[in-house]
Amino acid sequence: MEIIRASFILVVFVLDMVRITLSVENEVLYLDYYKETCPLAEEIVSRNVEIAVLKDPRMAASLLRLHFHDCFVMGCDASILLDNHGDIISEKQAGPNLNSVRGFKVIDEIKYILEEACPLTVSCADILAMAARDAVALRGGPRWKVWLGRRDSMKASLDGANQFIPAPNSSLETLISNFNEQGLDIEDLARCVSFRQRVYDINMEEKRDKYKRYRTFRRILRSICPDSGRDDAIAPLDFSTPAKFDNHYYINILEGNGLLGSDNVLVTEDHEGEIIKLVWAFAANEELFFSSFAKSIVKMGNINVLTGLEGEIRKNCRFVNP
């Protein structure tokens, strides 16, 4: 499925490399957090995510990416949902998000229904975490338990969004640095402007492409993305099974068919050979990939969460409370 990209495998790799000890079995977040205060919360989120994905299958990838881009800037605090207002400059204007990240109206609809059922109870940050889980499951991926109790940020960080969200043409060193910053990909469809460099810059290996392994794929991409113009044209990160959550992304990388530059550096710049082992493992064993994915997403969902009296529970996810 399109939502899988270089980011996830680096989650696994960097978690091992820096020996992260994030624990969700603590008194910060809880399972069944809304059992007493809003018992239908998870059902409301799940039902509305399902409706949104049935209308637009790409929305599954978009909701997962929204959670990912939120967590990488200040933590999983729904700061990405804030619009420009007063002193707040929205993260939506950051390079990695502008004209790219979507799904805000889906979150708005879910929040509206939750406010009708349980006013000022369910945080926007928790909605993002639940929606990501439900979106993946709807496209055939794993389903995991979501730990809840996050509160919403009262500020945004445009600079943080530009600095910490990995760019599609990032080097392996830069990607690892981004993940190290967070103590740890998921992404849906790539805009043409994100993969044009990959399409038109040819390295020596591709020039010697005896079996035309790269040329056929490149020809398909060039038909979608010309040398100039059509910046917002999109292509799936996985041409084999674009509407399904599976392990074909890793198979594509091994075949030289990674769409983004950051996909291919997993292999070309992995001089120690640690990441390529994971690529082979996930390509060969989908169940292993699903299990690793779920564990990493749960850990990512715990980055710098606000709890207790920190932050607030927004009434409208786009604005801090008056």
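Along the chain as shown, residues are numbered 1 onward.
The backbone N, Cα and C atoms fix where each Cβ goes, and this holds for glycine too.
Please treat TrEMBL annotations as automatic predictions, because they have not gone through curation.
Feature annotation from TrEMBL assigns signal peptide to 1-23. Look at TrEMBL and you will find 28-321 tagged as domain 'Plant heme peroxidase family profile'. If you look up TrEMBL, you'll see Cys38-Cys118, Cys71-Cys76, Cys124-Cys317, Cys192-Cys225 marked as disulfide bond. The site 'Transition state stabilizer' annotation in TrEMBL covers Arg65. Positions annotated as active site, proton acceptor by TrEMBL: His69. Taken from TrEMBL, the feature Ca(2+) 1 binding site covers Asp70, Val73, Gly75, Asp77, Ser79, Glu91. The annotation substrate binding site is assigned in TrEMBL to Pro166. Per TrEMBL, the feature Ca(2+) 2 binding site maps to Asp238, Thr241, Asp246.
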Listed recorded positions among Cys38, Asp70, Cys71, Cys76, Asp77, Asp246 whose Cα sits within 10 Å of Pro166 (substrate binding site): none
Tertiary neighbours of Cys38 (disulfide bond) (same chain, Cβ under 8 Å, six or more apart): Leu114, Ala117, Cys118, Thr121, Val122
Fewest other Cβ within 10 angstroms of its own Cβ, chosen from the binding-site residues Asp70, Asp77, Glu91, Asp246: Asp246
Rounded distance in angstrom between the Cα atoms of Cys124 (disulfide bond) and His69 (active site, proton acceptor): 14
In the chain carrying Gly75 (Ca(2+) 1 binding site), residues 6 or more apart in sequence that have Cβ under 8 angstroms from it: Ser153, Ile303, Asn304, Val305, Leu306
Cβ-Cβ neighbours of Cys124 (disulfide bond) (radius 10 Å): 29
Pairwise CA distance, Cys317 (disulfide bond) versus Cys71 (disulfide bond), rounded so that it is a whole Å: 15
Cβ packing number for Cys71 (disulfide bond), 10 Å threshold: 29
Distance, Asp246 (Ca(2+) 2 binding site) to Cys71 (disulfide bond) (CA atoms, angstrom): 23
Residue pair Asp77 (Ca(2+) 1 binding site), His69 (active site, proton acceptor) - Cα distance, angstrom, rounded: 11
Listed in sequence order, residues with CB under 8 A of His69 (active site, proton acceptor) and six or more positions away: Ile80, Glu91, Pro96, Asn97, Val101, Ala161, Ile165
Euclidean distance between Cα atoms of Asp70 (Ca(2+) 1 binding site) and Cys76 (disulfide bond), Å: 6
Pairwise CA distance, Ser79 (Ca(2+) 1 binding site) versus Arg65 (site 'Transition state stabilizer'), rounded so that it is a whole Å: 14
